[in-house]
Amino acid sequence: WDFPKFYVLSMFPYPSGRLHMGHVRVYTISDAIGHFQRMRGHEVLNPMGWDAFGLPAENAAIERNLDPEDWTKSNIQSMRGQLDDLGLCFNWDREVTTCLPDYYKWTQYLFIKLFESGLAYQKEAVVNWDPVDQTVLADEQVDESGRSWRSGALVEQKLLTQWFIKTTNYAKPLLDALEELPEWYGVKAMQANWIGECTGCYFDYRLKVNLYFLLLFSKCLVFLYLLLFTLVFLRPIPTMLQNLPFLFWSKPFRRHLADHWLPVDVYIGGKEHAVMHLYYARFLSHFCRDQGLVAHREPFRKLLVQGLIKGQTFKLADGGQYLRKEEIDFTGESLSELTWEKMSKSKHNGLDPQEVVQQYGVDTVRLYILYAAPPEQDILWNVKTDALPGVLRWQSRLWQLVTKLRGARELGDVPNPSLLKKKELAEAKKIWENKNYAIQEVTAHFTEDFLFNAAISRLMGLTNTLTSAQVGVLQHSVEFEEALAALVLMTAPMAPHLASELWAGLCQIKNPLSSVLLRGGEVLQQSWPIVDPQYLEVPDFVEVSVLINNKPCGKVAVPLQVSKDVSRVQHLVLESAVGQKHLSERSIKRAILSPRTALINFLVEE
């Protein structure tokens, strides 16, 4: 492999036919991470698939008097087009659809492996039954009011003979492996609590016929119980037919490819899956490792959970009926209560992503979603008071900066850094420092904590610095050029369409000073900016600003290793020319050394 790999994976959507704003959020995050890692020189895998198998899809098609296969495939085609309209760059050559034979033949393969290993078995048990979707629900799929998470129907208890997977055999390794994973936004603790303590005891007993037992009454109860866990397994179980064509295979993975790409570097999706498919994905990955199919036990390295996008929701205070905003009489006494809830058609609080994109543009929506809140927090969508105006203004200021630089270079003067005056040189150095600081911070946000809102704030700060630059600095400094180029490049993963236009404009300026603007090619083909080595060098001395009664009076160079020692710094300042001039004949009441900046403040008697 020529390049290091990076595997970013989003949870696959159910093909309902329409994207919602939650889809836009999760796939915007994965797309931004994918673009960033490509710019860093990684070979990126960012696949897409469709969670299309199950009775809910069939029932929805039956309601519409349509063939389930035709309806599902039509929805997939529609949603694929919507994802393309959002400018999302998936590896469509790796697309999977769970209801197609070329996918589910591998679930058959894995089921048989589980059965052969004694991990798949049948028994009769009470289940949560959804009478609308006609399907079994896990406990986590039933809400606190006893209703199905998907259909909203009141869940019934039903006795059924069904298949079980004995995940408890892997309880201890699944629990122990959590220690090796990075923090998962509280999900590790939820999984640990779900698995529980892995301690207990085993009973090894034989059942003999025609043997007289003399047991105490209490022991008889234990025996009867054990005799009953035995009869259940001895009882004949009717064969259940899963009407799918049975398909033959080769193995499901090419081992060298699986070992190259796994584990997933970042897995993105909702926290509500913490003890559902995340747990079973980990179980199957451990099982596949034991079967010799893959080298890694854990399927995911980092987990990035994203919160909901909630809309304003109005419902009657009495009956709880959901209302459209236009149906509300705001003057009436029985005014409905206003809440923020997950967007849904049934609650009349949803937004069509296509309508929002048509109104504001793709990149504005992308930036809004990334800027409005950290990924794990909910977003309360209110365009009048929230972050939308802020990202609109920022995009405009970026455009103005590129236009301003192009205009300055059209004046005719060839840029010449030697023409910069002392004050302009100091400003150019400040721009250089701010550029490097922004690169350092934004890179960390993309690789460590995924705080894209903080990354955008840092880029806004660099924008402010460049906007306030003097004309001479803009016209003659390479620092301004390189900082603006870095600003556009760091914006590209989050707003690729805007950045593409800005980059094209930058690369057409006359007489560029920086070689960065001579590379050519699209913005997303450029290398991610890196911090200048000089910025990372730790100086031997640091300049400490000297204040007397809060008024600046000069600077003194002190050795870095003593710069946090107030008594040593005070001594060196008093011996310096600044100290001799301003403090030699004054009574010092107190010296305060700042813990954050290189600054010492002497409080003296006037």
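Every residue, even glycine, has its Cβ placed from backbone N, Cα and C.
All annotation found in TrEMBL is predicted automatically rather than curated by experts.
Residues annotated as domain 'Aminoacyl-tRNA synthetase class Ia' in TrEMBL: 4-181, 341-380. The annotation domain 'Methionyl/Valyl/Leucyl/Isoleucyl-tRNA synthetase anticodon-binding' is assigned in TrEMBL to 429-540. According to TrEMBL, the feature transmembrane segment maps to 211-234.
In this model, the domain 'Aminoacyl-tRNA synthetase class Ia' (4-181) carries an average pLDDT of 90.
Look at the domain 'Methionyl/Valyl/Leucyl/Isoleucyl-tRNA synthetase anticodon-binding' (429-540): DSSP puts its residues at 79 helix, 0 strand, 33 coil. Per DSSP, the domain 'Aminoacyl-tRNA synthetase class Ia' (341-380) is made up of 21 helix, 4 strand, 15 coil.
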